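Chemist: Before anything else, here's the structure in question.
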Amino acid sequence: MDLINSLLNFVVPPASLLMLAFTWPTLFFITTCEWLYNTYLNSENMENKVVLITGASSGIGEQIAYQYAKRGANLVLVARREHRLRGISENARRLGAPNVLIMAADVVKEEECRRFINETINYYGRVDHLVNTVSLGHTFYFEEASDSSVFPILMDINFWGNVYPTYVALPYLRESNGRIIVNASVENWLPLPRMSLYSAAKSALINFYETLRFEVKNEVGITVATHGWIGTEMTRGKFMVEEGAEMQWKEEREVHVTGGPVEEFAKQIVSGACRGDPYVKYPSWYDIFFLYRVFAPKVLDWTFRFLLTNGGARRTSFIGTGRPLLETSSPRRSAVMEGSSPRRLPPGPLTFSPAFQQQKSE
C-alpha cells in the first residue's frame, strides 16, 4: 500500500495538471456559455419576491438591499442598529422595493432568528432569498491578545450568525425553491496576519455551506460570495482589537491593499444569485493565490513574508476610540458589531448614505 501511495503521489499531481491544461479551454467555453444564458435568458425575476438580509444596517448588507430594491423585491432588513435600518428602508423604497420590513435582532441567538423568520412568513407568506452578511473582524496577533473571552464572539458572529438564520429559514426556502447567499472572504484560505480567528471562522463557514449544498441538492440554491479587500466598515474601523474596544483603523496591516468598491461587489452578488451562480468572486484574480497554495505553497509563503512584514517591531497604530466592546461585568455580553446589544433609539432624521445619493442620481 505504501508503494502504491508513493507512486500515486508522484504521478497524480502532474497528470492532473496536464489534463487540466488540455481541458481548460473547453471548460472555459462551457462556463462562458452558461453565464451568457443565465444572464440574458434565464436570470431570476425578483419582482415581488421576498428577500431577507441580515446585517443590513451598513456595508455589504446595505448595498445588497439597494440592489434587490432596484429589482423590485420585497425586503426584510435585519440588524441590531434599528435606527440605521429606518433610513436604509426609505432608501430601498425610493429605489423600487414595494415593501420593506425592518427588525432589530441578534443573529447569534436562535430564538431571535426564529422570531424574525416567523414574522417574515406571517407578513409575506414566503421567503425566496436569505442573504447572510453579518461579519466581524479583528486586527491583533493571536498570541498577543490580552483577553481570550473575545475569541468565542468572533466565532459566534462569523459562523453561528450565519448558521442559525439558515437553520430556521431552510424549510421555507425549500418550499419556494429559494436561495441562500453567503458573505464569505478569500481569507478562508489566504493567510493574512492579524486575522487568524476571522480566517478560521470563515473557513468553517464555507465548509458548512459546501456540505449543505450537497445535502439540499437542487431544492435550495447556495451562492458563496468571496471578496478580497473592499471598502466596508471593517476597513474603516469596525474591528475587535486587543483591548476590547472599537477603534478607528489606520495602519493595522503591514502592507496597504487597495480596497474595491463595496457597491460593485454587492451588484455582482445579487446578479450572481439571480443567475444561480454557486460562487461569486470579487475580484476573481485572487483565485491564482489558491492555486499557489495547493501546488506551490512555498512560493505563496515567500511572497507573503516579503509583502506583509516590515522588518521591525510589531506595531498597532490607531486613531480614536469607540464604545467598549466588552462590558466588565459580562465579558461576552456585548460587542460593537453587526449584532450589538439591542438598544432601541428614538426615531431620528431620515438618513441617506452617500452611496444611495449616487445611485439615485444615476
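Cβ atoms here come from the backbone N, Cα and C positions, even for glycine.
According to Swiss-Prot, the protein carries these features:
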TRANSMEM  10-30  transmembrane segment
MOTIF     13-26  motif 'Proline-knob'
BINDING   55-81, 198-202  NADP(+) binding site
BINDING   SER185  substrate binding site
ACT_SITE  TYR198  active site, proton acceptor
REGION    321-362  region 'Disordered'
Chemist: Taking helix as H, G and I and strand as E and B in DSSP, count the residues of the motif 'Proline-knob' (13-26) in helix, strand and coil.
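Modeler: Counts, helix then strand then coil: 14 helix, 0 strand, 0 coil.
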Chemist: Are there residues at least 6 beyond the ends of the transmembrane segment (10-30) whose Cβ is under 8 Å from a Cβ of it, and what are they?
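Modeler: Same-chain residues near the transmembrane segment (10-30) but 6 or more away: 295.
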Chemist: Which whole number is the mean pLDDT over the motif 'Proline-knob' (13-26)?
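Modeler: Computed over the motif 'Proline-knob' (13-26), the mean pLDDT is 88 on the 0 to 100 scale.
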Chemist: Helix, strand or coil for ARG71 (NADP(+) binding site)? Use DSSP.
Modeler: coil
Chemist: By the DSSP assignment reduced to helix, strand and coil, which category contains the residue listed as 'substrate binding site'?
Modeler: coil
Chemist: Drop a 10 Å sphere on every Cβ of the binding-site residues GLY59, LEU75, SER199 and tell me which sphere holds the fewest other Cβ atoms.
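Modeler: Counting other Cβ atoms within 10 Å of each of the binding-site residues GLY59, LEU75, SER199 gives the minimum at SER199.
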Chemist: Using DSSP reduced to three states, classify GLY55 (NADP(+) binding site) as helix, strand or coil.
Modeler: coil
Chemist: Quick one: pull the CA-CA distance for ARG71 (NADP(+) binding site) versus SER185 (substrate binding site), whole Å only.
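Modeler: SER185 (substrate binding site) has its Cα 25 Å from the Cα of ARG71 (NADP(+) binding site).
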Chemist: Tell me, if you would, which residue among GLN63, GLN67 (binding-site residues) has the fewest other CB atoms within 10 Å in the structure shown?
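Modeler: Among the binding-site residues GLN63, GLN67, the lowest count of other Cβ atoms within 10 Å belongs to GLN67.
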Chemist: Which three-state DSSP class does ALA79 (NADP(+) binding site) fall into?
Modeler: strand
Chemist: At a 10 Å cut-off from the C-beta of the residue listed as 'active site, proton acceptor', count the other C-beta atoms across all protein chains.
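Modeler: Result for the residue listed as 'active site, proton acceptor': 25 neighbouring Cβ atoms inside 10 Å.
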